[in-house]
Amino acid sequence: MDEKEIKFIQDQIGYTFKNQELLVQAFTRRSYSMENGGQDNEVLEFIGDKALDFVVVKQLSEEFGHYSKKYQNWEKWGKTEETGTFISDLDEGELTEIKKQLVQKNTLADAIDNLGIAYYLIMGKGDVEKNIQDSLSVKEDLFEAILGAIALDSNWDIEALQDSMNVMLNPGELMFDEDVNYVAEIQAWSSANSGNIPLHCFYPTSMQGTWYMPRHHMCIYGKAEQDTHFACEVLIPGIDYHFVGYGRSKNLARMDASRLAYEYLKDEDMLFSIRDEIDDPNYNDSIGQLEILARRGYFSIPQYDFKETHDEDGNPVWNCKCSIKEKDTVTNGRSSSKKDAKKQAAYDMLTFVLEEE
């Protein structure tokens, strides 16, 4: 892994390593270390798994909880602080469900895909031949290993861990019912337009200091608020403008910059519709086409449920139901072939989502 690759990864995850060997280790699979010696990322995965649980619970308590009393602390220049009992807007079951969604395998794997960093995995020959980097479990492991490496490199700096988790995971998409997830929209647009993901550069800034405002590019700027601590510059392949957003965290700054980019694309009539994504909707490719739309953020990964019955002659008949979390409709396929039943259910669902648009 060279310096250019390390810089790209650090820009994407929103953290700069003091000890870059930890970052390289986070990307090193056991298959490589078995063949070449050195340390792999398995212990970092273990550390990152525990760190992820902690920072996600911390985030949930901050987003949905508050204390029963407030007071002004005059020893801190009248700063408003909280005390008393802790009150949560969500109950234990609701918090547990959100946490479960945030830390599950598919969520972490999707985050690695959105960051575009699985390509940099360091693998042994067997893993390379099997294209193991495409495995959901491997991407999940990579996410946890990176967070574990950050935990060690930062000496367990909770703010650094939470910051990086927010940048990598974008948890607001699951915690809040936003009309538009600007980060995901821009990532999907860039991938569809150029095959590449946007680049993110983060800079510390404050009302007391000098705002980060690059002058060497055409830029569109967000609005800086009083409690702003970070700037994020988003660069989209094929777009001349750079977009600079501000926020009290790196994640909020990235969201602001992505919003600016989204509004620019919308004003320029450059946004794709769901119909633009699939050139030729057809029965034979329907399963893959439906998954492409899901991977690009239009809806969740389709779920297929199968049931085998038999006709009067005892021949197998397969029934397949296709459902999508965000859609009320369930489509059905029926065939003597399990694969064809799945295709029929997928094609009917594909037709439904395209017509719905």
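From the backbone N, Cα and C atoms, a Cβ is placed for every residue, glycine too.
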Candidate from GLU35, GLU42, GLU45, GLU263 that Swiss-Prot assigns to the same Mg(2+) site as ASP141, GLU144:
GLU45
Of all the recorded positions here, GLU45, ASP49, ASP141, which one's CB has the most other CB atoms within 10 A?
ASP141
Run through the domain 'RNase III' (6-155) and tell me, per DSSP, how many residues are helix, strand and coil.
100 helix, 21 strand, 29 coil
Can you work out the mean pLDDT of the predicted model over the domain 'RNase III' (6-155)?
91
Reported as an integer number of Å, what is the Cα distance between ASP49 (active site) and ASP141 (Mg(2+) binding site)?
9
Listed in sequence order, residues not in GLU45, ASP141, GLU144 with Cβ within 8 Å of the centre of the Mg(2+) site Cβ atoms:
ASN41, GLU42, LEU44, PHE46, GLY48, ASP49, GLU140, LEU142, PHE143, ALA145, GLY148
